[in-house]
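The structure appears below as structure tokens.
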């Protein structure tokens, strides 16, 4: 072969690699607009609640501890329904169409919360928004995992978590800026209205991304799957290798029970229980008690409302930095190692925060010590636990029922989230600061569960993971 033809081939290969990288970047960016909306919608409530608790004549909704919990938890209950329903819809109609439908719900739900004239209307709008948030939380990681190659899957799926915490940081910054600059009644309405923006970006973006090649293959559309993979992979040989692997899995699946019968098999039931257990582990760290109620916690130590909102920005900054570190670490260390490391630090910080709030005198030293405990907690939560959870939700379940089982496991995670969000302000109001000791005790149980039950999935393709788990469980 002449040097000119060799250089031409190398140039073609370089162009193909650049093109595939560009398409994957665009696809991940578009899909994670759902994660950005998820993060913003769950984060903005922390900034909006102090203003929503004001009387109606001061622009608020007059929330008390009970209705505060209802408004916060309504989004999360909606998310449980959304993640469960999206599992069926994404398996039936595809990940891309599901994201498109969810974007419409993001826009409608955000608009509803911004114009809510009463508490019942707000709860209903937050529930609708929650359906979109939950659907996105189940669909986005699966879509990214299915377009990514094995060597890049961990880092690409972890960008979902990066966009979630970026959305939360955006929410904290905007709420603090608006609180400082805008002194108008009902300022919380502007905070909530901004949530429509990522929904619009997601809606438009879904017209510029390919369908999931693995979903196409699951429907027997191998030619279309190959066309998509040839756009997503550096070479046609890489694409062909994946198609051959999917065809082999499809052929094997023909001799296996149908999806309904598969759901009754012991190893699949065990996987679902592990997935549900991981959701319990992630939520009963108490992370969303901090995300939703940090301004309230800090106000109870004597810090002013605007100062508490500004301090909460630290939550978002630490979460983003931690997630970036997690994206690096998750490709280097095993899932089990990261998860157990994170849980150990979480237990220590929960116990420390309980001691600070229970035994230190109420002053600014207590406020900043409590904030420091929260920030260290979040550093390890967002570096070691959250990204691993979402990655495992995209990896653990067999292709035939991946959307359904991911949706089911994630919906349970949202129900655990709702129970924490609803009971936390009531628990603090009735039990007080020992609430944090209860979280620490629960997390010890979670650490034991992870040590005994969680399989390692690092370094395997989705097809290899399925074969390995079927054999081991």
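Backbone N, Cα and C define each Cβ position, glycine as well.
Unlike curated entries, TrEMBL annotations are predicted automatically.
Per TrEMBL, the features are as follows:
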| type | residues | note |
| --- | --- | --- |
| COILED | 229-256 | coiled coil |
| DOMAIN | 27-458 | domain 'Major facilitator superfamily (MFS) profile' |
| TRANSMEM | 23-49 | transmembrane segment |
| TRANSMEM | 69-89 | transmembrane segment |
| TRANSMEM | 101-121 | transmembrane segment |
| TRANSMEM | 127-149 | transmembrane segment |
| TRANSMEM | 161-181 | transmembrane segment |
| TRANSMEM | 187-209 | transmembrane segment |
| TRANSMEM | 267-293 | transmembrane segment |
| TRANSMEM | 313-331 | transmembrane segment |
| TRANSMEM | 338-361 | transmembrane segment |
| TRANSMEM | 367-392 | transmembrane segment |
| TRANSMEM | 404-428 | transmembrane segment |
| TRANSMEM | 434-454 | transmembrane segment |
For the transmembrane segment (161-181), sequence-distant contacts whose Cβ falls under 8 Å of one of its Cβ atoms, 6 or more beyond its ends:
32-33, 35-44, 46-48, 51, 187, 190-191, 194, 198, 291, 305-306, 309-310, 312-313, 315-317, 319-320, 322-324, 326-327, 382, 386-387, 390
Considering only the recorded stretches 69-89, 101-121, 313-331, 367-392, 404-428, state which has the highest number of Cβ pairs under 8 Å to the transmembrane segment (127-149).
69-89
Report the listed stretch (101-121, 267-293, 313-331, 404-428, 434-454) having the maximum count of Cβ pairs within less than 8 Å of the transmembrane segment (23-49).
267-293
Reported mean pLDDT - the coiled coil (229-256):
80
Check the transmembrane segment (267-293) against each of 69-89, 338-361, 367-392 and return whichever range has the most CB pairs under 8 Å.
367-392
Count the CB pairs under 8 A between the transmembrane segment (69-89) and each of 313-331, 338-361, 404-428, 434-454, then give me the winner.
404-428
Within the same chain, where does the transmembrane segment (434-454) have neighbours whose Cβ lies under 8 angstroms from its own Cβ atoms, ignoring anything closer than 6 residues to its ends? I mean 6 or more beyond.
274, 277-278, 280-281, 284-286, 289, 335-336, 339-340, 343-344, 346-347, 350-351, 353-354, 357-358, 392, 424, 427-428
